[in-house]
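What TrEMBL annotates here:
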SIGNAL    1-22  signal peptide
DOMAIN    32-374  domain 'Sulfatase N-terminal'
MOD_RES   Cys76  3-oxoalanine (Cys)
Amino acid sequence: MVYPALTLLSLSWLALAAGTTASRCSPGAKRPNFVVIMTDDQDKLLNSVDYQPAVQKHFVEQGTTFDKHFCTMSQCCPSRVSYLTGRTGHNTNITDVAPPHGGYTKFISEGLNDNYAPVWMQEAGYNTYYTGKLMNRHSTRTYNDPYPKGFNQTNFLIEPNVYVYYNATYQRNQDLPYYLPGRYSTDVLAETAVEFLEHAASDMENRPFFINIMPVGPHFEKVVPVEPGQSIAGTVLYPPVPAKRHEHLFPNATPGESSYLKDLPRLNETVVDYLDHYYRRRLQALAAVDELVDDVFAKLDELDLLDNTYVIYTTDNGYHIGNHRMNAGKTTCYEEDVNIPMYFRGPGVAKGKTIHYPTTHTDLVPTIFELAGIPLRPEFDGAPMPVTKEIPQKKYEHVNIEFWGVNLEEGEYSSAIRLIGTGYDLMYVTWCTNEHELYDMKTDAAQMHNLHSSQGYLFGYPISKVLTRLNGLMMVLKSCKGQDCIYPWSVTHPEGDVRTIRDAMDPRFDQFYEEEMPVVVFDKCVRGYFTELEGPQVPAVFGGASSGKRSLD
Ligand SMILES: *[C@@H]1O[C@H](CO)[C@@H](O)[C@H](O)[C@H]1NC(C)=O
Ligand SMILES: *[C@@H]1O[C@H](CO)[C@@H](O)[C@H](O)[C@H]1NC(C)=O
Ligand SMILES: *[C@@H]1O[C@H](CO)[C@@H](O)[C@H](O)[C@H]1NC(C)=O
Ligand SMILES: *[C@@H]1O[C@H](CO)[C@@H](O)[C@H](O)[C@H]1NC(C)=O
């Protein structure tokens, strides 16, 4: 078995207006509400959102699309924890879906139950609600050991039947878990969401609200043996199950319409037919999510709350079907798995606009804080997204996405950079075997031609020189904390004269990057975050006493 780990980073040098005036909420101003809708395993690049008319109507047309939004890790538990904490995987140390390196029990043992968004929002005066899946291993055994903190009301989807669409396990507030055979889980969540909105609206005089709605669609159906002592090997996976009323939808849709597939060798007909079926079942399962979206907006409208509520639509991680000769799945560092849907709508958010500025899930809670007028926490590894004109559009150079985990199909990879700027759009990977890949996403969006050993040029510089800077940046980002994750160049260039990779390409830094900067290496492919297996930990600093090759000893 292979235990890969990935750090994926994205950078931007988009010319954003600097110095926009910030207008913070004045004390006493009516604070906004927040509704976050997060699906499970929804792709962006296989065009699933094109099949969701309510998402198109309420978000694409009425809100802003963040086209270059990335998950922090392409796996649900680590990605969800990064969203809820505003921190990257190497700082939450939730690097897997199950113990010992992930899951609800690890979330508890890391102390994160006292230190995440609902707790902070409640302390800041919000009423907080959650319906749907929280994270893996939140189950009939763990749900009260302890209860998730920080919520006024909850209706969780928990294990074992979290992914059984027509007989899911629910756990409400402090009540015992129960099953609802015959009820479709996304529909149950839609009802709870509407009920929570009504409850929240009744207390609006005192407290604004923060509601999370987390349906499992379009995740596959997973039937787990529940008899004590039965082996997990009895687990059976099926394509996602749509609501019965949606089973007939999209009979001709195929993932083959995606340009990402066109250069691939054809899989055999049996496999292609199965993947087409699988793809349609995902779209059909998303149809109920789409109705949920409609229900939420209808209720917000009825309660006259649309003018003071931000609504976010996204997913936990992306998904591939047939891409890169792989079947169906997630967890890779390739674009389908990490570039995900992200829409923002609310007061001051531009309508029908698309922003190509790279952002990640670690930016979401900082964004909510900024909009709510809550001071940002120093441990945040992300920064507010430019969602309204009130937010100063700081020149924000990168996002940091990571992954450690089991990737059954793809082999061993470790650490990657996505780099998006004027004149270039790159993806760079260091595998935990210390192999590398480099793609020019402008000319090779399907990531088919590895340029790592090429003699060519990128944005006017020899690839060999660009690679030394990418290595330096990866040295910072793979173990950064807080502000250093947001402004990585200021770690290697404390004088502040380097803010982009272009600045770092200056020939006067050649020797520094070629000879002084440690090289990112991994000693072993493992599933958890063990700094002692991740090579040199401290990046070199240009100039000054701290310059030179250093290691953690
Ligand atoms: C991360 O957690 C694992 C246990 O899952 C622990 O062994 C490891 O030391 C932790 N890493 C860091 C850097 O704290
Ligand atoms: C929600 O919980 C907070 C913290 O316990 C509490 O102060 C607030 O009154 C609660 N809101 C409602 C509507 O019960
Ligand atoms: C629902 O799931 C529970 C737990 O797996 C099981 O005991 C029960 O028989 C199921 N009900 C139906 C109608 O399938
Ligand atoms: C198609 O490919 C799959 C997976 O490689 C294989 O199991 C199956 O036997 C193949 N079917 C045919 C008809 O060749």
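Just so it is clear, glycine is given a Cβ too, placed from its N, Cα and C backbone atoms.
TrEMBL does not curate its annotations; it predicts them automatically.
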Within 10 Å of the Cβ of the residue listed as '3-oxoalanine (Cys)', how many other Cβ atoms are there?
-> 25
Per DSSP, the residue listed as '3-oxoalanine (Cys)' is which: helix, strand or coil?
-> helix
Integer average pLDDT (0 to 100) for the domain 'Sulfatase N-terminal' (32-374) | 92
